[in-house]
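According to TrEMBL, the protein carries these features:
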- 157-266: domain 'Acyl-CoA oxidase/dehydrogenase middle' (DOMAIN)
- THR161, GLY200: FAD binding site (BINDING)
- 308-470: domain 'Acyl-CoA oxidase C-alpha1' (DOMAIN)
- GLU455: active site, proton acceptor (ACT_SITE)
- 510-686: domain 'Acyl-CoA oxidase C-terminal' (DOMAIN)
Amino acid sequence: MPEPHTPEVNFVPDWPPGPLDAFREQSAFDFRQLKTVLEDINSLRLKYKIWKMLESEPLFAKIKPTPSVDEQKKIAAKQMMRVAKLDIVPPEVYAMGYLPRYRFLMSVNEALHAICPSLSIKIALGVGLFQNTLRAMGTEQHSSFYNAAWSREIVTCLAITEVAHGSNTKRIRTTATYDAQNQEFIINTPDFEAAKCWVGNLGKTATTAIVFANLFTPDGQAHGLHGFLVPIRNPLNLQLYPGVLVGDMGEKIGLNGIDNGFAMFTNYRIPRENLLNRTGSVNEDGEYMSLFSEPSKILGAALEGFSAGRLGIMQEATNTLAHSVVIAVRYAAIRKQFGPDKFGPEQPILEYQLHQWRIFPYLAAACVLKTSVYSLTDLYLKTIEKSQANSNGIDLLSQSVGEIHALVSASKPMYTWTARDAIQEAREACGGHGYLKASNLGELRNNHDACLTYEGDNNVLGQQASNWLLRQWVDGVESPMGTVNFIKRRKEILGNTFSSLSQRFEITSWQFINHCLEWLMCWLMQTIVNDMKVAKENGACPFEAKNNTQVYRAKDLSILYAEFYALSSFRLRCLKSDVATCLEPVLGLIYQIYGLWVIDRHMVAFYQGSFATGATFAESIRSNLLSSCRALKADAVTVADSLAPPDYVLNSVIAKSDGLLYQNLQNEFMTNPGALERANWWRDVLPFPKSKL
């Protein structure tokens, strides 16, 4: 029987009794014990409070069939206004310190995203990211906009990307030219390729934008990219102001509650004070001034506030990953097919090795990444908090910004790609029933898809991370966060082989897995640097030499860096004193499965670098991965329960916590609107003359 949980987690209710109990009773621990290892208890308490509150709100009821695109936008806009009135974020939150305040707000975002992804993104863009940008780049003179965004007096957005340029912000072509006579900046869009686009909230609802444009002073001098507060619409009637052309970009694959828009400006004037002037300003006479010797470097540090958005995406991706594997595991525990006796009882598909191999690595990944994103967010928030408390805060932040940016730039792709693959595997593992919209796997997939390209295209972010790692390899370790301290031991690490490590450590031990990943990162960095050197000697320019090492090298390096950090974070969490003894075996299995799975997916590189020769290494990794998956089977449902939100949030007819799969499907089929009615268009399709019908 499971060991009882502690009373402070009583806000998490018991699951209803049912067929899943046969698996739940095999665990030696209560799912709530593991839940509070994977997530912060205060964050959990807040999320359950929000979910319970919204479940009773008619505006947040699950709707079927899917509303029209325009109706989805209307619903998301109404939900945004309703959330503001529900006192989800009470005033005392703003009296908290920086770190607890942002922890609170991020937990709110997670709770909302689990129910209404469009709503959470609408608020994150229109309140969170807007306010972060104001705090990072603006000054006291912009506080009225900050407060108006929070109270929803204005609906806001960030206009950075243009039709022809997104990742390469240096080629953004929108201009803001200062007119000294009228004390105004004149915003212009030179042509359609420079139109701002993919701007969330802009299509229908935004009234104010932070527009990123190249600043020109009256002498014709260009001063680079700056942020400007630009009124777009009248907040009272949403009428566009003259000089602004705005449109909605149309239906998307998912997230259609977000009104993504495009905008073009024609000699549009804004006050001089609307320049976000923390890093550089223009005086009344048109003279550009900056307190910093390297404004572009300082702007980069200020813009690191955008990493909060990427961390939010990683938190959302982890929850999406968790929801998909919860659905797959619960379904597999109830769904029975075949068995050892042709005419005997069938067995749950969870019993099959192939099914365990398909699903359990993603189950382990969900656990590992939940702890890792918490650790990384903590690291980020403490750094920002320290910089804000220091009078020379931006300079201080610029010292750490490289490592933070590299870690986030490596992790955001790894997290979102892992979630993408987990959703697809879960959909296929649930067969035809997984293809039902009511399974929620399709909605998870469509709404998650945008995460792979917004807030930084995954492949471009990975290049930024690998570039930083290579600089550490060549120039020496500058690691305030300590994430690449292993580079100091590069000679020792590269001297390791599978043979030497396997003689010292068990294949499934954390030491073995850790050393394998350190070796592979060192080998990749050494190989990339050598390849680039040879390419340059053969006449390639630095740009070409770098780009031609991305496939099979730099991309793998950035992913591996994120996976290594995730595993390290998970292990540190497991070593804390609040972890119950009864959890140690299952936490060890989770570490083993994820670590061996990571090694397996990088198998080719280990052989390329002669870390191993012959079949023993691959066979050892794979046989131990399969045996670890088999060992996790008894606890799989309880681990899934520890990741699962309430049924209202999971919203899957094939994975309800009562385990009544077929009864729930029957109810879904029978109550589906129009399911039992004759088609009202039958006259239009039958081949008979209408006079006979």
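Cβ coordinates are placed from backbone N, Cα and C, and glycine is handled just like the others.
Curation plays no part in TrEMBL annotations; they are all automatic predictions.
Features per TrEMBL, on structure.
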residue: THR161; record: FAD binding site; Cβ within 10 Å: 19
residue: GLY200; record: FAD binding site; Cβ within 10 Å: 24
residue: GLU455; record: active site, proton acceptor; Cβ within 10 Å: 23
- Message: I need the CA-to-CA distance for GLY200 (FAD binding site) versus GLU455 (active site, proton acceptor), whole Å please.
- Response: 11
- From the Cα of THR161 (FAD binding site) across to the Cα of GLU455 (active site, proton acceptor), what is the distance in angstrom? 10
- Task: Give me the mean pLDDT over the domain 'Acyl-CoA oxidase/dehydrogenase middle' (157-266), rounded to a whole number.
- Result: 94
